[in-house]
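Copied over from TrEMBL, here are the features:
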TRANSMEM  46-63  transmembrane segment
TRANSMEM  75-96  transmembrane segment
TRANSMEM  136-156  transmembrane segment
TRANSMEM  168-189  transmembrane segment
TRANSMEM  240-261  transmembrane segment
TRANSMEM  281-301  transmembrane segment
Amino acid sequence: MEDTFEENFTNSTDEYEIFEINSTDTFDLYDLLHAIDLSGQLFQDYFWIASCFSNLFHLFILLHKELRSSGSYTIMIGICIADLTIAIISLENFAVKLSLLPETYPIPPQCLRSDYKSFIPLLRLRQQVDTLGRRLSVWLAILLVFIRAVSVKFHMKRWVEKINKPRVAIYMMTGVATFWLFFDSWQFLFTTVFWLPDNVDDICKVLPEKYIKQIHVYAIPTNFQRIVSYIFELSSQLKIMAAICHLSLTVYLSIQLRTILRRRRRLSGTNNVEAAVNTKLILFISIAFSITQCVGALTVIDYSGDAISIKIITTALTISNNLRTLNSISNVFVCYFMSVQYKNAVKSLAFWRRREVYVVEDISLQTIYQARDN
């Protein structure tokens, strides 16, 4: 009996020691993730401010005639508009958090009939614009990398010249935007307007009329909830697919660019510094965006519901947002050092120009008459 008690006590002690070690390790990991998350949130709002100004300047340069005549730069205009939209909406949240702007979104009424779900149109529109901007920023970047990879591989083909035309680029961007707009907003095509208190839930019918607001309510049917849940799960899988797709295209593009660079060195016998720099810049912006997408894909992985898993998701989301913002800020610098056309467009601005002084020789009327007589 004593042996059994001692054995049980020893086993329970060992289990207790193991639990202490694991809990300490978990606590340290949680503290590390929490510190990273707080640091990222501290700088995140200021990154959005820098992104807003950077993308405004970037968009102003891209709208120059010599740049928008190229399909790649046309897609860059779409990416810039998407990043600028995200930055403006995030700055609005920052202003509301600092009490610089009032929070104007009311609370939706809770007594609507059970077969419909109410929503605030202005708030939902803002959320949909933010979601659409994030999706376009990702998938237009994938489209841009795809066009670059195809142009490098099949640069002698005639159809490659066609996909680099601005009109074709606009068609492709319109198709991508239309798809994601319908993907995220199809259920709002069935929006119905109700008047309260005529369409209240059965539970609220026992309440006095003064507790029910007389208001028009926008709502969508709840029988679409299963489809909405399926689309939400599908969008998570598409986010992972976007990360894999962009990473694969980036690896393929890097291999093609390095092959072309080595071929040029072997044929010319000298190092083309400008071509090497352009190759490195293209790889930099592509790899940086791929890292952002891979970190963002961590937020949609199905974790367990413990505190560590939740903190991993929130930390990955903060890091992904900061990396995305830094990428949008760096676009203007990468384009400046990579493209001669972009650099000339920047230098053509009024505040960049240098005044040129022309010296005109003073010619008298007598000299003119003498030259005419001769």
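Backbone N, Cα and C define each Cβ position, glycine as well.
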Long-range neighbours of the transmembrane segment (46-63), counting only residues six or more past its ends (CB under 8 A): 73, 76-77, 80-81, 83-84, 87-88, 90-91, 94, 322, 325-326, 328-329, 331-332, 335, 342, 345-346
Same-chain residue ranges lying at least 6 outside the transmembrane segment (281-301) that approach it to Cβ under 8 Å: 138, 141, 145, 148, 236-237, 239-240, 242-243, 246-247, 249-250, 253-254, 257, 312-313, 316-317, 319-320, 323-324, 326-327, 330-331, 334, 337-338
